[in-house]
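J.: Found this in TrEMBL, in case it helps:
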- A:5-366: domain 'Aminotransferase class V' (DOMAIN)
- A:GLY72, A:SER73, A:ASN153, A:GLN181, A:SER201, A:GLY202, A:HIS203, A:THR239: pyridoxal 5'-phosphate binding site (BINDING)
- A:LYS204: N6-(pyridoxal phosphate)lysine (MOD_RES)
- A:CYS327: active site, cysteine persulfide intermediate (ACT_SITE)
- A:CYS327: [2Fe-2S] cluster binding site (BINDING)
Amino acid sequence: MGKMIYLDNAATTKTAPEVVEAMLPYFTEMYGNPSSIYDFASKSKEGVTKARGQIADALGAKREEIYFTAGGSEADNWALKATFEAYKSKGNHIITTKIEHHAILHTCEYLEKERGAKITYVDVDENGIVKLDELEKAITPETILISVMFANNEIGSIQPIKEIGAIAKEHGILFHTDAVQAFGQVPINVDELGIDMLSSSGHKLNGPKGIGFLYIRKGVKIRSFVHGGAQERKRRAGTENVPGIVGYGAAAERAIRTMEERTAKEIQVRDHFIDRIMKEIPYVKLNGHPTKRLPNNVNVSFQFIEGESMLLMLDNYGVCASSGSACTSGSLDPSHVLLAIGLPHEIAHGSLRMTLSEETTMEDADFVVDKLKEIVSGLRAMSPLYEDFIKKQKN
Amino acid sequence: MYSEKVMDHFQHPRNVGEIENASGVGTVGNAKCGDIMRIFLDIDDETHIIRDCKFKTFGCGAAVATSSMATEMVKGKTIEEAMKLTNKAVMEALDGLPPVKVHCSLLAEEAVHAALWDYAQKHHIEIEGLKKPKSDIHEGEEDEAEEY
């Protein structure tokens, strides 16, 4: 096998060398516990403080509004469960969407089943953009929280966050956004967008795995989710993951510094990818919004073929990608996101997601599209659905 | 995730294609669940030997590999012998499948049976142990069908 072409950056990213470099001293040199009193430990504490500042700056937030967690899923769980708990005297209704990550959807299901919450799952349009009129109509006097992801992890659709923030504010409802895919890819300012809580994860933006944070606007009164020590202003117990936090700070700073140039390049390669696929492969559909999409997201469905087969074939050529087919989700149903944008099951099964990085070149895109053409026609030649389709056309 | 045998049969599937004027054709599975398998049989009417067997499959790596293996296993066999082909035997011949993929191997057995059923119908014969195939092997696995 030749070189690997990694097109699964929505799953995880390579930790940037400068991030690793920033982290390393915190394993073997400045390994003190930030809570300890002696001078040696103050170095660790400084590392955490600096990272908190780097992240706060990246969001236009205050330092004390950033709470480190073990990742995006923990931040999502915390935001939903703790808000429900803290605001239950006001109401028990939460509004979210049908295309959220499972960290939100499964938490909502838990709150519904075990805690008596009422959840409204708002529809999205065929491009995967939340329907604002439906969202506003869903608001009741019992509504305590709106949680809408910033950008979708599968189809890359970027949501009208500013508008949702304004709706939430107008009705006096808290607004949480899962920005795991968006942070570092699109500019975010929590004040300008009216965001009260925001979840994020380090390894999606060239930071380390196992570290995330929840931004909690000052005044939002949610409590601790993990009980124990007094870390994170008594809101998240557990000795800080100092190297992880330092790495996340460095990654956030780097993501903001490189955003303009990096995403411009990604958009160019992304659009080249999409253009060639749409022009050169028949019976294909672009999933997600044509322009309001993450700079690095390509998601297409090929009719008559199944996604996992495509991934295995691509893997042969060293190409790493993902699919929303049932066979990759371990169930009989394809991705809930693809169904929510109205794709019939058989077309959802034939989806392919390729998420680029700044290292993805035009040559990579050309290589992958060339191989895809072969793979798609090979699998179609084997497909009874294609056979039936062709026969029908002849008649 | 997959054994070497599965990958070999996926990457180099045996007996892909159609048989013109096949003695029997069987299609099972459904597109909604992401797998459809169609098996074509060429059967000697005198000896009941399966002279040729081909397949077309829409599905994951396991679905393609089990189709390929099943066609190899029934080729040259008599109808009676082919009737004894089980999904377990296909799976074993492939050195196993991941647990979530076991249902793919059921398709292969069902597709062979469906093709034999078609042959039996055309020739007005009865094949011992052969039941009318389910039109959809996922029947009963889901609560309700959604329409699009």
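Glycine is treated like the rest: Cβ placed from N, Cα and C.
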J.: Including all protein chains shown, what's the count of other C-beta atoms within 10 A of the C-beta of A:GLN181 (pyridoxal 5'-phosphate binding site)?
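T.: I get 28 for this one.
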J.: Just the number: how many Å between the Cα atoms of A:THR239 (pyridoxal 5'-phosphate binding site) and the residue listed as 'N6-(pyridoxal phosphate)lysine'?
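T.: The separation of the Cα atoms works out to 23 Å.
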J.: Rank the binding-site residues A:ASN153, A:THR239 by the number of other Cβ atoms within 10 Å of each Cβ and report the first-ranked residue.
T.: A:ASN153
J.: Restricting to the chain of A:GLY72 (pyridoxal 5'-phosphate binding site) and a gap of 6 or more, list residues whose Cβ falls under 8 Å of its Cβ, or answer none.
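T.: Expected: A:HIS101, A:ALA103, A:ASP178, A:VAL180, A:SER199, A:SER200, A:SER201, A:LYS204, A:GLY212.
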J.: What average pLDDT is reported by the model for the domain 'Aminotransferase class V' (A:5-366)?
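T.: Taking every residue in the domain 'Aminotransferase class V' (A:5-366) and averaging pLDDT yields 96.
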J.: Given the binding-site residues A:SER73, A:SER201, which one is most crowded in terms of C-beta atoms within 10 angstroms?
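T.: Result for the most crowded candidate: A:SER201.
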J.: Kindly assign A:SER201 (pyridoxal 5'-phosphate binding site) to one of the three DSSP-derived states: helix, strand or coil.
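T.: Once the DSSP labels are grouped into three classes, A:SER201 (pyridoxal 5'-phosphate binding site) ends up as strand.
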J.: Does anything in the same chain, at least 6 positions from A:HIS203 (pyridoxal 5'-phosphate binding site), have a Cβ under 8 Å from its Cβ, and if so what?
T.: A:THR12, A:THR13, A:THR15, A:GLY71, A:LYS209, A:GLY210, A:ILE211
J.: On the Cα atoms of A:GLY72, A:SER73, A:ASN153, A:GLN181, A:SER201, A:GLY202, A:HIS203, A:THR239, which are listed as binding pyridoxal 5'-phosphate, what is the maximum pairwise distance in Å?
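T.: Maximum Cα-Cα distance: 30 Å.
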